[in-house]
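Trainee: According to TrEMBL:
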- B:ALA10, B:GLY11, B:LEU12, B:GLY13, B:THR14, B:VAL15, B:GLY16, B:GLY17: NADP(+) binding site (BINDING)
- B:LYS107: NADPH binding site (BINDING)
- B:GLU192: L-homoserine binding site (BINDING)
- B:LYS207: active site, proton donor (ACT_SITE)
- B:351-423: domain 'ACT' (DOMAIN)
Protein chains: 2
Amino acid sequence: MAEPLKVALAGLGTVGGGVIRLLDANRALIERRAGRPIEIVAVSARDRNKDRGVDITRFQWVDDMTALAEIEGVDAVVELIGGSDGPALTLARKTLGAGKAFITANKAMIAHHGLSLAQVADAQDIPLKFEAAVAGGIPVIKGIREGAAANEITRVYGILNGTCNYILTTMEKDGRDFTEVLGEAQALGYAESDPSFDIDGVDAAHKLSILASLSFGSALTFDGVATTGIRNVIAADISEAQALGFRVRLVGLAEEGEAGLFQRVHPCLVPMSHPLAHVTGSLNAVVAEGNFVGRLFFQGAGAGDGPTASAVVADLIDVARNEYGPAFAMPVESLAHPERADSGERTGRYFLRLTVEDRAGVLAEIATAMRDAGVSIESFIQRGVKEDGGALIVLVTHACPERCVTDALKRMQGSSSLTGSPMLMHILDL
Amino acid sequence: MAEPLKVALAGLGTVGGGVIRLLDANRALIERRAGRPIEIVAVSARDRNKDRGVDITRFQWVDDMTALAEIEGVDAVVELIGGSDGPALTLARKTLGAGKAFITANKAMIAHHGLSLAQVADAQDIPLKFEAAVAGGIPVIKGIREGAAANEITRVYGILNGTCNYILTTMEKDGRDFTEVLGEAQALGYAESDPSFDIDGVDAAHKLSILASLSFGSALTFDGVATTGIRNVIAADISEAQALGFRVRLVGLAEEGEAGLFQRVHPCLVPMSHPLAHVTGSLNAVVAEGNFVGRLFFQGAGAGDGPTASAVVADLIDVARNEYGPAFAMPVESLAHPERADSGERTGRYFLRLTVEDRAGVLAEIATAMRDAGVSIESFIQRGVKEDGGALIVLVTHACPERCVTDALKRMQGSSSLTGSPMLMHILDL
């Protein structure tokens, strides 16, 4: 039997505990698949004495997390601390600097520092792996990096945040409003006490920027992701969308073409016949569209200790098997640097919801703004709202450049007819 | 720049042409991803002069396909001839014997001879790869072999034949009968002129046996797959199933547990809330259920030149990157040899359709047979059939061991009340 792969583990939260449990439960099978045992030899976390439901006394304890990189005989360091900078980044740099494999679930760190870390890893041909950083247990990094590698990928998109999808699909099922469902999700532990990272789309944006880089062979640019979360989605948006044949999902979408690289996280209307419309609860899903393979669809659990541990250990098995290569599928210096596409020139259909005063002339005002901006209307619904005597207007445009819709909104801005902020959502092409 | 990977290609049908077109179209991108160029240097096919829409004069032509293995300087041979034995198998043996990488889309050959080929490949540590053999363009071999490698997989199943799924979903959409839709599919080129390989489930069974081996770490046993095709599915089965909240799909399912290894291809009732219910047309989809990752779902094009070429070239890129390992995820001698599970002991719900004479006593006869066999009935529908004055009876059982349902059918066998063969379908658990 070959030598074991010796692993040091930083971070013993939910996922860290999951990794230990997984390696215990599936030990024999993993040894057969990896060709050698995978053994945790040292661990580190903030609090040594917290009860984690797993026995950690059998591992060497290290107080300073970043010192794990320097333990003699360790082949690979797994980082499950989180945070884009701080100890996680220090540990990453030290580990790669010491010529050891580095595996992480840390999407924020990869989104911000992935390229500079990959340069260090590539230069020495050592593994830098982050399957767990995107879509939890779904092997989508591998699916794109390797499975779809023969394709020019034109579009990659998906449901990348389970908390948002849980909230949106619960709103859909129960007809309830955002704030109420968020509160319930927090009480159940499905959403953080400070939920902004999830519901404002930042977490999805981190993941999207990683997928985009792998899909297009372009340098990762997190600050190129235009991000809008789901705070302003109301129950009526979802029910009106449903009446029109759509479901509302927070979609991260990246596209590369002649116009450049486009990356956006935004609540979208998804046609019922699209597989993303059937992704419910906290599931994640990713679609990659390739010029030969067509549309690939991956779905599974996007978070949780078991699924995330599954992805982390899959990376360890790749390392143990010696089946790995450049972190971003090609050396960093081979990555392209496309222009950022002008979103104003993108053509699509749009869903617009307005809350207005219910009086003569309002409809004309909206219709005029649309006409003057060159936006043609496909569907139009007006409903009286009993509670405040106002009205809800929902309209779907024909396909037009995005700048026209933005222009129409500008023309309506400040109008005394509007009683609240308009809600604009993109309609996902089939 | 590293040396190119030099490839010889056997078989220039639809997929072979697709591989040549793909390598032409995505040449630069593939070179960046693979770290070196991938170049076809020699080809062989039955007819040298057939117009294939691609220029093959730039490649060395070899009359004897099996001689491709011996060309000096060739690193990898791609086999797209088909057939479980004959020249495909000879070429495989010669290629591996010559210490060269072998890539194939040939599910029949892998199902019948995959283990013996893998032994040769493993012994010399040379790549034997067959991503295109299962589910066309979907990287599901990789998804299971590597992406889900940390898991004990308990169940793997899916829609593995696009022709059957096209026929079933067209019957569903149009309310038409099997024979009519098959004829149309043949006219459109979606089904072969001799369709038995597809519609009798053999093709799906080949693929299932490969998935089962990879999922469970067990030796591939194609003759262990119990196979029933879709010939006997009638329009009424589909409409009655739909009324009960199900869709009919040809599902290949393998399960491993204490009872042993179970493998079956069979038309199934799939609950509407299961992702497989939304797989329409000629798409394929695979579900793998792991003890940590939960349910992974992969969907995409299961056939066609583009998707299949995508999978073949993904394998070539892995070979070029030197990222490969044992064909069946572990050396053949590490594979387990589980007992074959007794299907009679499997517990599940069943859908049974009977065509009967519309006269007194028939219902009592059926109900008695069910009772005596210990089968309890959940739903029961009887409809008069105008054309022949007979009646259609559809019933759904409560969960019971399969042997009870088989026993009930035996009790009814030969009854003068039955006007046709009963149709039994399994209901897929959620």
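Every residue gets a Cβ built from N, Cα and C, even glycine.
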Trainee: For the domain 'ACT' (B:351-423), how many residues does DSSP put in helix, in strand and in coil?
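Mentor: Residue counts in helix, strand and coil order: 23 helix, 25 strand, 25 coil.
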Trainee: Calculate the distance in Å between the alpha carbons (Cα) of B:LYS107 (NADPH binding site) and B:THR14 (NADP(+) binding site), and round it to a whole number.
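Mentor: Pair distance, Cα basis, whole Å: 16 Å.
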Trainee: So if I draw a 10 Å sphere around the Cβ of B:LEU12 (NADP(+) binding site), how many other Cβ atoms end up inside it?
Mentor: 23
Trainee: Within 10 angstroms of the C-beta of B:GLY17 (NADP(+) binding site), what count of other C-beta atoms is obtained when all protein chains are considered?
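Mentor: The Cβ of B:GLY17 (NADP(+) binding site) has 19 Cβ neighbours within 10 Å.
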Trainee: So if I measure Cβ to Cβ from B:ALA10 (NADP(+) binding site) and keep only same-chain residues at least 6 apart in sequence, which ones fall under 8 Å?
Mentor: B:GLY16, B:VAL43, B:SER44, B:ALA45, B:MET65, B:LEU68, B:VAL77, B:VAL78, B:GLU79, B:LEU80, B:ILE81, B:PRO87, B:ALA88, B:LEU91
Trainee: Taking only same-chain residues 6+ apart in sequence, whose CB is under 8 Å from that of the residue listed as 'L-homoserine binding site', what do you get?
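Mentor: Once residues fewer than 6 apart are set aside, the residue listed as 'L-homoserine binding site' is near B:THR163, B:GLN186, B:ASP198.
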Trainee: Around the NADP(+) site recorded as B:ALA10, B:GLY11, B:LEU12, B:GLY13, B:THR14, B:VAL15, B:GLY16, B:GLY17, what other same-chain residues have a C-beta within 8 angstroms of the site's C-beta center?
Mentor: B:LEU9, B:GLY18, B:VAL19, B:ALA45, B:ARG52, B:LEU80
Trainee: In whole Å, how far is the residue listed as 'active site, proton donor' from B:THR14 (NADP(+) binding site) when you measure between their Cα atoms?
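Mentor: That separation, Cα to Cα, works out to 20 Å.
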Trainee: Quick check for the class: what is the C-alpha distance, in angstrom and rounded, between B:GLY11 (NADP(+) binding site) and the residue listed as 'active site, proton donor'?
Mentor: 21
Trainee: To which of the binding-site residues B:GLY11, B:GLY13, B:GLY16 does the lowest count of other Cβ atoms within 10 Å belong?
Mentor: B:GLY13
Trainee: Sequence gap of 6 or more, Cβ distance under 8 Å: name the residues on the same chain that satisfy this around B:VAL15 (NADP(+) binding site), in order along the sequence.
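Mentor: Non-local contacts for B:VAL15 (NADP(+) binding site): B:LEU80, B:ALA105, B:ALA132, B:ASP305, B:THR308, B:ALA309, B:VAL312.
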Trainee: Are there any residues at least 6 positions away along the chain from B:LYS207 (active site, proton donor) with a Cβ closer than 8 Å to its Cβ? List them or say none.
Mentor: B:LYS107, B:ALA111, B:ALA133, B:VAL134, B:ALA135, B:LEU160, B:ASN161, B:GLY252
Trainee: Out of B:THR14, B:LYS107, give me whichever of these binding-site residues has the highest number of other Cβ atoms within 10 Å.
Mentor: B:LYS107
